[in-house]
Amino acid sequence: MNHLMQKRMKIYISILAAILLGFGACKENERFEIGYSDDIPPATPQFVRYKPTYGGARIFYTQPNDKDLLSIDATYINKKGKEMWFSVSYYENYIDVYGFDTEEPYTIQLFAVDRAGNRSEKVPVVVEPLEPAVKQVASTVYCIAGFSSFYINWENGLMQSMNIFLDYSYQNAEGQLQESHIIYTSREAEERRFIRDPGLSVTAPVSVKVRVEDEFGNTSNTLDLGTITLLEDLKIPKDIWQIPGTNDSTIINRDGEVVNTGVPMGFFNGLEGRDYMAIDDIVSDGTFVNFTHAYGWGRTGNSRDGNMPWNYIIDLGDYYELSRIVTHQRYRHTGANEYSGREDYYRGENVGIYAMWRWDEETQQWDSITTHKITFPVDLPDRQYRILGRQGDMAYMYPESPKFTKPTRWFRYEAIAGFNDNYKSLNGNCLSEITLYGRKSEGY
């Protein structure tokens, strides 16, 4: 075969391949053709096995061989007589069914649906779920007393939408019973919510109760988490705080010696941002500029060194034992008014994950305190994000067992990641305010 014939053969093969590919694509597109109709139902899916889950089951099946197949659906009737319906695309080989309120056997109807809306015959599948999801989540809830506040923690392994109903009460300063009710909506595998109430006091014990409800209307019993007594701390004054210059990694220790820690102060003077604005006791409200801005150069101020992680280092001016931190995000640049909603809160260039460090005078090294991930609230009205953002985000130095740190004069806030891309973005350029709480160290 000469060169010309080989070249022609390659052209013919390419044309044939393109035709076959186009034919296949057309066949696939026909699955979603608008106005398509027929009256032939698809074959039934073949049940293979099931795996029990909390308040549900994962059903595995073999798909019917039907070119018109659109989805595999499952239904059951709950104890209130309501039909619950679940559906997955024809690509899947299993379907998750939720919402069972007991561990008793349930009969699920499994069937196929084609693109014309025809349904196959239903295949009854009997499953025995694990304990209801609301009971499983409720069994993990616990409450910890903290500094002028407390928190509740829970686990939600299936990451289903859950509502946590929190009721707490205490005697206010006038001796009257103060009752509060809060609802949290969560889909996280594990979540912790801090309760900050200006009426809370170390002298007034707090009674805490919790109930869990899922999106199917199932509810747990009300759990009495007991009565807790809060811990006391004070806001550390900022009037004598100082910060190093950009890329300065030195501090002055207790003996008056200059020590190079190897960790530089970040860059925060990008655009209208200024480094001192994070400790000036003024929170960004979006009507004027009051936040730091790393401009993507946060690590050292040199673009080649990148942005995150960057460090904000504070000389507290004296020795303190730290208990907790409250950080405020940038709300927006300027132009906010009474009708403004969420704006930049919990997204954009704000910091979502950070670590905290204290300078240890004994080891002459930075001592790790904890790493904190700011919880992203879900399913809130736009204006509610504004309320939460204005309140600030709080974290304890030692969240599992709230207590004070060892004495320190130098505190380091290390910004690790932003909120975007599921806390993986490195564009966390902005911070409005850092506020620390604790107590004055004795003997320093």
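Start at 1 and count along the chain as shown; that gives each residue its number.
Glycine residues also receive a Cβ, built from the backbone N, Cα and C atoms like all the rest.
Curation plays no part in TrEMBL annotations; they are all automatic predictions.
The structure displayed is predicted, hence computed values, not measured ones.
Quick look at what TrEMBL annotates:
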DOMAIN    25-129  domain 'DUF4959'
DOMAIN    130-225  domain 'DUF5126'
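For the domain 'DUF4959' (25-129), residue counts in helix, strand and coil come to 6 helix, 52 strand, 47 coil, using DSSP. Confidence over the domain 'DUF4959' (25-129), given as mean pLDDT on the 0 to 100 scale, stands at 90. Taken residue by residue, the domain 'DUF5126' (130-225) breaks down under DSSP into 6 helix, 53 strand, 37 coil.
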